[in-house]
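What Swiss-Prot records for this protein:
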| type | residues | note |
| --- | --- | --- |
| SIGNAL | 1-18 | signal peptide |
| DOMAIN | 25-251 | domain 'Peptidase S1' |
| DISULFID | 31-165 | disulfide bond |
| DISULFID | 52-68 | disulfide bond |
| CARBOHYD | 83 | N-linked glycosylation site |
| DISULFID | 100-258 | disulfide bond |
| CARBOHYD | 123 | N-linked glycosylation site |
| CARBOHYD | 124 | N-linked glycosylation site |
| DISULFID | 144-212 | disulfide bond |
| CARBOHYD | 156 | N-linked glycosylation site |
| CARBOHYD | 172 | N-linked glycosylation site |
| DISULFID | 176-191 | disulfide bond |
| DISULFID | 202-227 | disulfide bond |
| CARBOHYD | 253 | N-linked glycosylation site |
């Protein structure tokens, strides 16, 4: 009986430790250097750290989140490690920025989207290539890929030298509506994460892509604080719902309006 109790206690301790450890793995593992050719990093002139991510959708345009807007944005493309420079890395600044609303008046559950026109086009290369816009809306149950240079621990922040990637699941919006106070009953956003916690986007990942079944379906918007908590999936701007606005802006119709 004593031996059984000892073994049972050891099992409980192991399970407890495993649960706590998994809660710290926010960004997953290092991304393969060849899987994020479309991923860009946003920073400001005086900053030493990237404050957001973005997605290159063609040679001249980047899609990110409105919350990522800053006065002096710089954009780095073709990067993997912050310590080792790729030969084909390129830097750009915005020529124009477009929003559904002013970046100061967007809501955390609606219209968190920013379309950036680069000051000059980029060329495809070993580490740079655009990601196509989605041809179909996502469906609940999809496996989705997240990536970025954001913190891999929370609430204490640890920023990696390379982007981290993880797989999460797409849930019905009602899951996020129940998890986060203040969310409206309907929204042009997606709800994605891992219900047991442990995998999530976090500070520094905003604006980056949510790729579901190979299609660019979401833009990292916001989530719980601390990040990666159980039953608190993240909220992502739904790209498919904004396709008409994006395509109109790119085509030159700069007065196009976003969906209500």
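Along the chain as shown, residues are numbered 1 onward.
Glycine too: its Cβ is placed from the backbone N, Cα and C atoms.
A distance of 7 Å separates the Cα atom of residue 172 (N-linked glycosylation site) from that of residue 191 (disulfide bond).
Annotation note: residue 253 (N-linked glycosylation site) sits in a coil segment as assigned by DSSP.
Annotated pair residue 123 (N-linked glycosylation site) and residue 52 (disulfide bond), C-alpha to C-alpha distance, rounded: 22 Å.
Model confidence over the domain 'Peptidase S1' (25-251) is summarised by a mean pLDDT of 92. The two recorded residues, residue 253 (N-linked glycosylation site) and residue 100 (disulfide bond), have Cα atoms 13 Å apart. Taking Cα separation as the measure, residue 68 (disulfide bond) is nearest to 100 of the recorded positions 83, 100, 165, 258.
Annotation note: residue 202 (disulfide bond) sits in a coil segment as assigned by DSSP.
In sequence order, 80, 147, 162, 163, 164, 165 make up the list of same-chain residues 6 or more apart from residue 31 (disulfide bond) whose Cβ falls under 8 Å from its Cβ. Of the candidate disulfide-bonded residues, 100, 144, 212, 258, the one lying closest to residue 156 (N-linked glycosylation site) when CA atoms are compared is 144. Comparing the Cα of residue 202 (disulfide bond) with the Cα of every entry in 52, 100, 144, 191, 212, these being the disulfide-bonded residues, the smallest distance points to 52.
Residues near residue 124 (N-linked glycosylation site) in space but far in sequence (CB under 8 A, at least 6 apart, same chain), listed by position: 59, 130. The Cβ neighbour count for residue 100 (disulfide bond), using a 10 Å radius and every protein chain shown, is 22. In this structure, the CA atom of residue 83 (N-linked glycosylation site) is 36 Å away from the CA atom of residue 100 (disulfide bond).
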